[in-house]
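**Student:** Shown below is the structure under consideration.
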Amino acid sequence: MADHEEELDDVTPEQEAAQSEDQAEYLKSQSSMNYAGIIASSIILLVSLTAGGSFEGHRYYGYGIAVASIAMIVSVAGWFLATRVAGQAQNVVYINYFLFAWNFIGAAFLTFGGPFDVTGNGYFGAWGLVVFATMALGVTADTLHSTASTSGPTAGLFCAAVVLLVAISAHGLKTSRDWFAELLYSLMVSILTILITGAMLRGIEIFHDITFPIMCMFSVLWVTAAILLTFRGPFLSTGNGYFAGWGGALMSVYATMAARRTAEA
């Protein structure tokens with residue numbers, strides 16, 4: 001332990017400067033990838049909405065155009081600030097949170113009773129916005145100090161829980177007697193996940209030292225829920241419920257690995 005402390009004390013100012021520069025380059029590269037993904041997803045969504053004119057009369061047509069356009073414009077601004085302007089890390093954080101909220105709400109409206117309620121280019125474009133915005137949440141000012149940040153996968157797990165909750169509510173428990181047990185179990189898992197991950201994202205300190213065991217628990221719960229929902233029912237085909245189940249399972253496993261790396265750091 002003493003030798004380790006001596007090694008830390010021996011770090012020269014030049015080495016610290018080099019480390020800071022490497023971390024800044026990491027932040028820029030990751031931000032570029034995420035913003036490029038959001039821009040590409042926006043283009044896919046715009047083309048899907050406007051090509052052929054089949055969606056022009058839909059009540060969410062204008063809203064869908066706004067979702068894609070604003071996401072694209074804000075991403076370009078965030079990309080510029082993250083890669084071209086020094087000292088804008090905190091503003092980039094605010095942009096990432098806005099993109100996450102904007103894209104998630106937009107995808108929910110567009111895929112639950114919206115023009116893209118079945119899988120296709122528009123469907124994946126809408127949720128692609130959410131995926132890349134969620135990834136961007138993990139690339140914040142905190143990433144300069146730890147690349148094992150759990151904020152991204154935790155936010156992804158929170159999103160999956162919300163989507164699954166809405167999907168189950170839309171499907172209905174009373175009308176699904178054959179899958180009542182599966183839906184009830186998954187409903188409880190999603191509610192528990194929303195409560196705990198929401199508290200974790202707010203930075204409540206009680207969860208700081210127990211993040212790893214919590215994510216281990218969620219991994220078991222979500223993998224079980226995904227298997228029940230997609231092998232037994234009712235989400236046997238691709239859609240919001242299907243992807244929310246497996247998305248939550250993947251995010252919980254990813255969050256577990258990230259929490260373990262953080263604990264070992």
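The backbone N, Cα and C atoms fix where each Cβ goes, glycine too.
Because TrEMBL annotations are produced automatically, they should be read as predictions rather than curated entries.
Okay, these came from TrEMBL:
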- 35-55: transmembrane segment (TRANSMEM)
- 61-82: transmembrane segment (TRANSMEM)
- 94-112: transmembrane segment (TRANSMEM)
- 124-143: transmembrane segment (TRANSMEM)
- 155-173: transmembrane segment (TRANSMEM)
- 179-198: transmembrane segment (TRANSMEM)
- 210-231: transmembrane segment (TRANSMEM)
- 243-259: transmembrane segment (TRANSMEM)
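Would you situate these features in the structure and describe their surroundings?
**Tutor:** For the transmembrane segment (94-112), the residues of the chain that approach it from at least six positions outside its boundaries are 38, 45, 60, 63-64, 67, 70-71, 74-75, 77-78, 81, 122-123, 126-127, 129-130, 133-134, 136-137, 139-140, 155, 159, 162-163, 166-167, 170, 240, judged by C-beta separation under 8 angstroms.
Outside the transmembrane segment (179-198), and at least 6 residues removed from its termini, the chain residues within Cβ reach (under 8 Å) are 154-155, 157-158, 160-162, 164-165, 168, 171, 173, 207, 214, 218, 221-222, 224-225, 228-229, 232-234, 245, 248.
Long-range Cβ contacts of the transmembrane segment (210-231) within its own chain (Cβ-Cβ under 8 Å, at least 6 residues beyond either end) map to 150, 157, 160, 164, 182-183, 185-186, 189, 192-193, 196, 200, 241-242, 245-246, 248-249, 251-253, 255-256, 259-260, 262-263.
Residues 127, 148-150, 152-154, 156-157, 159-161, 163-164, 167, 186, 190, 193, 211-212, 214-216, 218-219, 221-223, 225-226, 229-230, 235 of the same chain lie 6 or more positions beyond the ends of the transmembrane segment (243-259) yet place their CB under 8 Å from a CB of it.
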**Student:** What else in the chain is close to the transmembrane segment (155-173), if you only count residues 6 or more beyond its ends and a Cβ gap under 8 Å?
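**Tutor:** Non-local partners: 100, 104, 108, 112-113, 130-131, 134, 137-138, 180, 183-184, 186-187, 189-191, 193-194, 197-198, 201, 218, 222, 225, 234-235, 239-241, 243-245, 247-248, 251-252, 254-255.
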